[in-house]
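Feature annotations, reproduced from Swiss-Prot:
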type    : residues             : note
BINDING : Cys24, Cys49, Cys109 : [4Fe-4S] cluster binding site
Amino acid sequence: MVSQPTTSSGPQFECETGNYHTFCPISCVAWLYQKIEDSFFLVIGTKTCGYFLQNAMGVMIFAEPRYAMAELEEGDVNAKLNAYDELQRLCLQVKKDRNPSVIVWIGTCTTEIIKMDLEGIAPKLEDEIGIPIVVARANGLDYAFTQGEDTVLAAMASRCPAPQEVRSEEEKKERTGGLRTLFSHGKKDEKKAGPAPSEYVDHQPLVLFGSLTDPVVNQLTLELKKQGIRVSGWLPAPRYTELPIVEQGVTYVAGVNPFLSRTASALQRRMRCNLITTPFPIGPDGTRGWIEAICQALGVIPKGLDEREQQIWDALRDDVEFLKGRSVFFMGDNLLEVSMARFLIRCGMIVHEVGIPYMDKRYQQAELELLDRTCRELGHPPVRIVEKPDNYNQIQRIYACKPDLVITGMAHANPLEARGITTKWSVEFTFAMIHGFTNAHDMLKMVRKPLDRNNALKSLGWEKLIQEV
């Protein structure tokens, strides 16, 4: 284990030598193919990847989803078959059957090991078939669970058009006006109703990046609208043809998830955008910090955030009272751990350890500062953050500190439950709506569920969920 020097008041960083004990990053296909409606995802891997996708997303197979598996065979691995010809055949078939606006190739562990030159093949094939091909490497050797989305969005960031590349005003409106069209549905025509005062202040264009469900996108966009901030677009957009316009040196960008560090780097370095370093909008405190950081960067004075945050805390009073004084241990899986730990500390919980597969301190700087401030305000000891934790050592620490709840990946949940340790799957927080003011209750409800179950079992005279034989 390697310890890194920190101030006495800040988080204590350590790094162990464990592997990525996380869900496979190619699972990002599950939500991205639904988010980008005119896309097609082609996962290039072995039978193992196919089995994983069938198990993870098998319920969707009868709906003819917009993803497929390009299964590598022995001839591909030993280079007897021409990779270009095989991918050309598959992409032409996809074009004929679905005619998507973009095809996304997802590289896996096998394509990484045999050094398949997907980035070299894609531009030639793109010119030939006339459909953009985006290459994203989401192999489990180099990336943790949610970083699959990060690699896809980082690859798509370079496809965002500059203002001079958008030819017509109609296309410009299509790329910037999708959300406003949705919000104005059912309202009177502004031309007929007469001119209305502008709801927005004058500021530089803002693009938000991160894949969230449409209701959460609408909520966060409306929260910024209350501050007079117009969101120019989201990455990913609902359609590939609606990717946001990015102007070098002018456009500001902000992330909504802590695992999008490569996307942030791509937008900042390749596209020359101005990155706003923010806490992440998880919990009322994080959402307020996210809005305040964006307002400060754009020169907008925030208003009404004290009342808005207090309103949410009042609604969460019962959950906070239940969780206060209880302890939690994060084993590490989805890279949301630091933001979740900060919110749970604010709710009065004790966090023994935050395990995390990968930590980008520059991208999460504002989140770490908010975590430190939260600990100091509530008298919580400095949080121990362990990067790439070793599971054997973690289990010894769990036995030593005896937490009320362990938030862990699915692989470890049942073995820990069999040893009398209460667990919650971290993957549930990835797929649930936990961002923004109004969804804070849903996250606390998920944290409460296994603890409520224990109370119910005790009322029946059971001490553990799994009975020893």
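Positions of Cβ are set from backbone N, Cα and C atoms, glycine also.
Secondary structure at Cys109 ([4Fe-4S] cluster binding site), as computed by DSSP, is helix. For Cys24 ([4Fe-4S] cluster binding site), the count of additional Cβ atoms within 10 Å of its Cβ stands at 22 [all protein chains shown]. Each of the binding-site residues Cys49, Cys109 was scored by the number of other CB atoms within 10 A of its CB, and the lowest score belongs to Cys109. Using the Cβ center of Cys24, Cys49, Cys109 for [4Fe-4S] cluster, the list of other same-chain residues with Cβ within 8 Å runs, in sequence order, Pro25, Ile26, Gly45, Thr46, Thr48, Phe52, Thr108, Thr110, Asn139, Gly140.
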